[in-house]
Structures are given as structure tokens and as C-alpha cells.
Amino acid sequence: MFFDPRPVPPWQRRLYGKWGLVALLAAFLLVGTTGHDPWRGADLRHFFAVWQVLQGEWLLPSALIDGTVPAAGPLYYWVAALLGLLLEPLGLALHDATRFASPLLLLCTLLSLGAAALPWCGKPWQAGAMLVGLGTLGWVLDAHQHQALLASAAAIGLALAAVSRREAQPAKAWIAACIAMAAGFLAQGFALLLVLSIPWLATWPWPRIEAARRLSLLMATALIFALPAIWFVTVWRTAEGEAWFALQAPQLSQEFIASNLDDAWRDAAWVAWPLWLLALWPLRRAVNGDGSNLRLLAVAWAMIAMGLVVVTAWPPSNPSDLLILLPPLTLLATERLRRMPSGARAAFSWFSAATVLSLVVFAGLSWSAWNLDWPPGLARHMVRVAPEFEMSGSLWRLGAATAVLLTWFVLAVTTPPSPLRPAIHWALGVTLAWVVLVLLLEPWFEHTRNLRPIVEQMQGTLRERAPSCVSVPGREADVRAALVYFGGIPATLEDGCPVRFARLRGQQPLPSDGSVLWSMTRGQGKRLEYWLLLDNERARPTHD
């Protein structure tokens with residue numbers, strides 16, 4: 001008939017089938033993961049905990065209790081250290097090898113979400129859930145740097161997959177839920193158990209299995225929980241165990257919770273984009289439907305609610321804390337997208353194209369500002385941030401980014417009609433936009449976020465004046481990590497060393513007591529920073 005859909009050629013089915021999904025996942029997870037030093041911030045701080053594991057602190061890295069990273073569990077750092085041991089002999093730098101833990105754990109999360117969506121939404125939406133999850137903006141940065149909360153997200157994804165199989169395979173679902181509980185405790189401590197207890201209780205299998213199998217299932221359960229129990233008892237008996245346990249307590253003051261909740265709502269607007277839009281709009285039609293799998297729907301919403309409790313009651317407060325909300329939100333968004341009428345799906349496809357073009361235009365303007373001094377306002381801002389920066393390989397980067405943009409256009413236009421088309425467009429757009437951002441802006445981030453050149457400038461002074469140790473303020477834990485890893489310089493977050501690092505911002509006056517041993521400046525104007533090494537015996541306290 002005239003309105004029958006046109007047949008899809010075999011090459012198109014393969015391109016937009018499982019092999020296309022594999023290629024899309026590989027492009028998103030691998031591009032930008034290697035080829036650069038650990039960057040200042042979360043990447044360097046979490047890598048330092050991995051480095052401590054490789055130095056022998058495998059039970060509980062001291063970075064988990066001294067404020068370098070949040071007081072989580074060691075699971076992510078174990079996985080990253082193992083990958084470092086396996087991949088470094090193949091020629092990768094240690095930090096590149098360990099950073100593969102992040103895309104690996106995100107891949108596990110997406111596979112679990114696909115398994116959870118299969119009985120809930122049907123076979124085509126197994127891939128749909130992975131595509132919707134892949135296109136979430138919250139993963140874009142954290143999937144390509146060291147980030148311990150990715151282990152928490154993987155545990156939550158496994159728990160959701162377990163709930164979806166509670167009726168068909170109750171014993172296997174229970175085992176998977178127990179593994180998720182154990183992994184969650186090792187990933188984030190007691191806080192994540194509040195979230196995981198919901199799917200764990202929902203998979204309780206006793207009424208649905210034969211009495212003869214209950215003993216073996218009970219033994220398997222005990223075996224699964226033995227590893228985290230042994231780890232906890234062992235840690236509890238160490239000197240650091242009491243400090244770690246104290247950091248696991250929630251902060252229940254009204255001011256703290258109100259502040260964290262305000263930060264969470266503000267950060268969720270982009271971290272969970274577009275999941276919250278799909279999951280909540282319109283809420284009535286997402287909740288009402290054919291009545292199937294209401295239990296999984298209730299479990300997902302309950303996990304989100306409990307996740308908000310964890311985000312608001314446990315320090316610290318930063319956008320990455322919201323990663324634990326993304327797996328259940330992905331399932332809800334997938335179910336809502338499945339129920340959308342064709343007109344709404346088409347609108348979402350156009351919206352995804354507009355979002356991608358916005359990201360590409362931003363990257364292009366940033367490249368133009370540095371290479372062509374246009375637009376002038378952005379060019380002046382970039383000069384203030386890094387006046388000494390020089391872009392290398394500008395032309396080939398621009399050519400490669402243009403080729404990627406043309407590839408996105410061709411793939412978007414030739415996507416065959418299907419219910420998954422909006423999810424394909426969104427995931428494809430976010431992936432290729434990320435590739436363009438890496439091509440055009442990675443040299444900028446490498447220059448502004450890499451602390452290795454600064455450490456190399458410090459080394460002469462430090463080896464002469466502070467061969468034993470250098471004190472670094474707690475808020476500059478990434479500088480301590482850079483000193484230790486890049487320079488092999490003993491650095492501590494405690495006072496008492498002969499030399500102290502300090503960073504002054506803006507118009508703060510430099511010390512005038514003759515204590516400055518070394519100094520450098522970064523940025524200009526309001527972005528001006530002074531990086532100092534001070535003689536600790538002569539220096540007065542600085543407030544940086």
C-alpha cells in the first residue's frame with residue numbers, strides 16, 4: 001500500500017543494528033579516555049587513591065579518610081588498579097590504563113539497564129534503554145575520568161536488572177540482587193545500602209522457589225556477603241577503620257540538608273538531562289498505562305527518592321553525586337519514550353538535533369576564539385584564563401571535526417523509521433558531539449587542567465628545601481596528588497613540613513615576610529592566581 005513503510009536494505013539493518021550499537025558504545029566510551037595526564041580535580045584525586053592501592057594500600061587507601069576523595073568504598077579503586085596491572089605492560093601509561101575502569105563500569109551499567117528493560121519494555125527497547133542511557137549528559141565527563149561513583153551506578157544497574165527478573169527467574173534475580181548489595185557496600189559504604197535495599201527486598205524469592213532449593217540459595221547468599229563482611233571486619237580492626245566508619249555517618253542538620261538539596265535540584269537540570277524530562281513529562285501518562293510491571297515502576301521511583309536522601313544527607317555536595325540517580329531514571333525515561341505518540345517522538349528527534357548543533361557551535365566558537373580571535377569577547381576571556389596557551393594541530397583538528405559533523409548528518413538522515421529512532425538520534429548526537437569537543441578543545445583542557453608542568457617547575461626548589469615532605473592544604477588535595485605522582489615528591493595534607501604550598505586568588509596580597517621560595521602566576525585579571533611555595537618556619541598563615 002501507499003502508506004506501507006519502505007523496506008530497509010540489509011546494510012542499513014546492520015548499521016543500525018547490534019554492530020552499530022557496538023560501534024557507538026566504543027566511540028563514546030573510548031574517545032577522550034586516554035592520551036592525557038590525570039587532570040586537576042576529580043580525575044587526579046580519584047587516580048591518587050588508585051595509585052595508593054598499587055603502592056600497597058589495597059585494604060583502604062588513605063585518600064578515602066583524609067579528604068582527598070569522598071569517604072566511599074574501595075571497589076572502584078580495586079578495579080582500576082587491576083586494569084592498571086593488566087594494561088600497563090601493553091604500553092599504556094599507568095593513569096591511562098587505570099582510567100579504563102570508568103568506561104568499563106559505565107558499560108556494565110548500560111548492559112544491566114538493557115537487561116532490565118527487556119522484560120519491562122520488550123526486545124527492541126533493550127537497545128533503547130542503552131541508547132537513552134548513553135545520551136545522558138551526566139555520563140559525558142565522568143565516563144572519561146577517574147570517578148568512583150561509577151561503581152555505585154553499576155551496582156544500581158545490576159539491582160534493577162535483578163528486579164526485572166524476579167518473576168521469571170527468582171533464584172537468579174535474588175543472587176544478582178545480593179551481588180549488587182555487596183558491590184554497592186564496597187563501592188560507597190553504608191549510604192548506598194539505603195538505595196539498594198529497595199530492589200533487594202523486592203526480589204525476595206522464598207515464596208516463589210521450591211523448599212529443596214532454599215538451603216543452597218541461603219548458602220550462596222552467605223557466600224556473597226562474606227567478602228564485604230570480611231573486608232569490613234578487617235578494616236574495623238585497623239587504625240583507619242574508626243575514622244572511615246565515622247565518615248560514613250550522615251549529616252542531619254537542617255542547614256546542611258537544605259543546602260545539598262538546593263545544589264541537587266540545580267545540578268540535576270543538566271546531569272540528568274534529558275532523563276528527567278522524559279520521565280516526568282507528562283507524569284500522568286507515564287504512570288497510567290496498561291498496568292504491567294507496576295512493581296518495577298514503583299521500585300525505580302523509590303530508588304530515586306532514596307537516592308535523593310543519600311545525595312542530601314551525605315557529604316560532599318557535587319554534581320557527580322547525582323550519578324546514582326541516573327540508572328532508575330534511565331528505565332523510567334525509556335518506558336516513557338516507548339509510550340510516546342509518533343509526533344512526540346519526531347519532536348524529540350528534532351530537539352536532539354538542536355542540542356547537538358548547540359554543542360558543536362559552542363566547540364566551534366571556542367576554536368575560533370583562540371585561532372581567529374572571534375568572537376572577540378570569548379577570545380579575551382580565553383586569554384585571561386590561559387594567556388600562554390598555544391593551540392597545536394588546529395587545521396587537522398578542524399578538518400576531523402568537520403568530517404565527524406558530516407558523518408552525524410548522514411547517519412541522522414538515513415536512520416530507518418522505527419520506535420527507537422529518537423533514542424538513536426539522541427545517543428548518536430551526544431556521542432559525535434563529544435568526539436567534536438575532544439577534537440577541538442582537548443588541547444585547551446590539557447593546558448588548563450594538567451598540573452605536571454607546574455610540578456616540574458617546583459621540583460628544583462622542593463628537592464633543595466623540602467626533601468622530606470611538603471605541606472599542602474586539604475582543599476588542594478589534587479596538588480598533593482600531582483606532587484607525589486608526577487614529581488615523586490613526598491607531600492602531605494598535614495602541617496609540620498619545612499615547605500608549604502599555597503594558592504592565592506584574585507587581589508589577595510602576596511606574603512611580605514620573605515617566606516616565598518618559589519612563585520608563578522596563572523591567568524589574568526579576575527582569573528589571576530598565585531601559586532607559591534612558602535618557608536613554613538617564616539610564613540604567616542595564608543587564607544587561600
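Just so you know, glycine gets a Cβ as well, placed from its N, Cα and C.
Some features that TrEMBL has for this protein:
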- 75-93: transmembrane segment (TRANSMEM)
- 100-118: transmembrane segment (TRANSMEM)
- 124-141: transmembrane segment (TRANSMEM)
- 148-165: transmembrane segment (TRANSMEM)
- 171-196: transmembrane segment (TRANSMEM)
- 217-236: transmembrane segment (TRANSMEM)
- 268-284: transmembrane segment (TRANSMEM)
- 296-314: transmembrane segment (TRANSMEM)
- 347-372: transmembrane segment (TRANSMEM)
- 393-411: transmembrane segment (TRANSMEM)
- 423-441: transmembrane segment (TRANSMEM)
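Most Cβ pairs within less than 8 Å of the transmembrane segment (100-118), among stretches 75-93, 124-141, 148-165, 171-196, 217-236, belong to 148-165.
The transmembrane segment (296-314) makes contact with the transmembrane segment (148-165), as judged by at least three Cβ pairs under 8 Å among residues 6 or more apart in sequence. Among the recorded stretches 124-141, 148-165, 171-196, 347-372, 393-411, the one sharing the largest number of Cβ pairs closer than 8 Å with the transmembrane segment (423-441) is 347-372. Residues 34, 46-47, 49-50, 52-54, 58, 61, 99-101, 104-105, 146-151, 183, 186-187 of the same chain lie 6+ residues outside the transmembrane segment (75-93) yet bring a C-beta within less than 8 angstroms of a C-beta in it.
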